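Asks: Here's a structure for you.
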């Protein structure tokens, strides 16, 4: 079994309301000015 750890950050956009991060809800959403999650694999270990 291989277990991986992720390091996630919230991408913030200057145009978002009050500087709060938010996620796009769908393709039909007209307001896509907010940031989203950006994840990177930190490390993987074998158990």
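Glycine too: its Cβ is placed from the backbone N, Cα and C atoms.
What you are looking at is a predicted structure, and each value in this text was computed from that prediction instead of being measured.
Straight from Swiss-Prot, here's the annotation block:
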type: DISULFID; residues: 4-34; note: disulfide bond
type: DISULFID; residues: 8-39; note: disulfide bond
type: DISULFID; residues: 22-44; note: disulfide bond
Asks: For residue 8 (disulfide bond), what is the tally of other C-beta atoms lying within 10 angstroms of its C-beta?
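Replies: Neighbour count, Cβ to Cβ under the 10 Å cut-off: 9.
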Asks: What does the structure give for the C-alpha distance between residue 8 (disulfide bond) and residue 44 (disulfide bond)? Integer Å is fine.
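Replies: Pair distance, Cα basis, whole Å: 15 Å.
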Asks: Check each residue in the chain of residue 4 (disulfide bond) that is at least six apart in sequence and keep those whose C-beta is under 8 Å from its C-beta; list them in sequence order.
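Replies: Sequence-distant Cβ neighbours: 41, 42, 43, 44, 45.
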Asks: List every residue in the same chain as residue 39 (disulfide bond), at least 6 positions away in sequence, whose Cβ is under 8 Å from its Cβ.
Replies: 6, 7, 8, 9
